[in-house]
Amino acid sequence: MAKNANRWLYIILLVAVLSSFAVIIFDLAPKKYWWLVLVTINLAASVSTVYFVKSFGVKVGLSLTLIIAVLGYVFCSSARLLPFVRENDLFSHYYYFTIACLWVVVMALSKALTQNMSIAFRTMFTFLMILFIEYCMMPVMALFEHYKRGHTEYLFYAIQLSGYLVITGFTMIF
Amino acid sequence: MLFETTKLTRIDSLWQGRMYSVFIIVVSLPILIGIKVGHWPSSVLIIIVSSSILVVAKSKERRENSQ
């Protein structure tokens, strides 16, 4: 029964991803409501929680997920690290929660994809993957925030993305 | 991207194999949004980097399995 529950969670994730792709590609919803796409990241975080539980055991896996999520949430929400979030309403806290979920996903991915490598290569690869995924998802959240405020130009996306890419390039070089 | 991943990933009940599709899901959201928004060079760059990450991970795993 537990196996079936985990498989159904995976199938729900795939269905949610396909529906969000349909929303993006065919313009089913106005762009103000595209932040519903972020729900798929939360589902991916639950799937990666299942992966942690499978690989470490129930106690250690759940506590690891909780530690990563709570640290990300507290760090983002108390230090105001996101420059595009101006207000303090429910949606901004949803952004913080989504970023914490994204950290859980990234940790699970870096464990799963680098499981058979040597230690040095594993460290480098994990570093690269964390930089890549975080810096690709941040401008999307900035774009959703600007849609919510009523700015429908795409200039913010380009500016944020080019800034993050420049930062990533300098980090890699040095 | 989907064709390459269906060629590369084997469909099995292991959760390590399912995390590859989770990686593709997380990465393909900014690709699609970049294309729809009109900032297509970013999505091309994301496709190149993510496919290289997938290929490196799968090649390392295969070498380990063959030994």
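Using the three backbone atoms N, Cα and C, a Cβ is placed for every residue, glycine included.
Listed in TrEMBL:
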type: TRANSMEM; residues: A:7-26; note: transmembrane segment
type: TRANSMEM; residues: A:32-53; note: transmembrane segment
type: TRANSMEM; residues: A:60-82; note: transmembrane segment
type: TRANSMEM; residues: A:94-113; note: transmembrane segment
type: TRANSMEM; residues: A:125-142; note: transmembrane segment
type: TRANSMEM; residues: A:154-173; note: transmembrane segment
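Counted over residue pairs 6 or more apart, the CB atoms of the transmembrane segment (A:94-113) and the transmembrane segment (A:7-26) come under 8 Å in fewer than three pairs, which marks the two as apart. The largest share of C-beta pairs under 8 angstroms with the transmembrane segment (A:7-26) comes from A:32-53, of the ranges A:32-53, A:60-82, A:154-173. Residues 6, 9-10, 12-13, 16-17, 20, 23-24, 61-62, 64-65, 69, 91, 94-95, 97-98, 101-102, 104-105, 107-109, 111-112, 137, 140-141, 144, 147-148 of the same chain sit 6 or more residues outside the transmembrane segment (A:32-53) yet have a Cβ under 8 Å from a Cβ within it.
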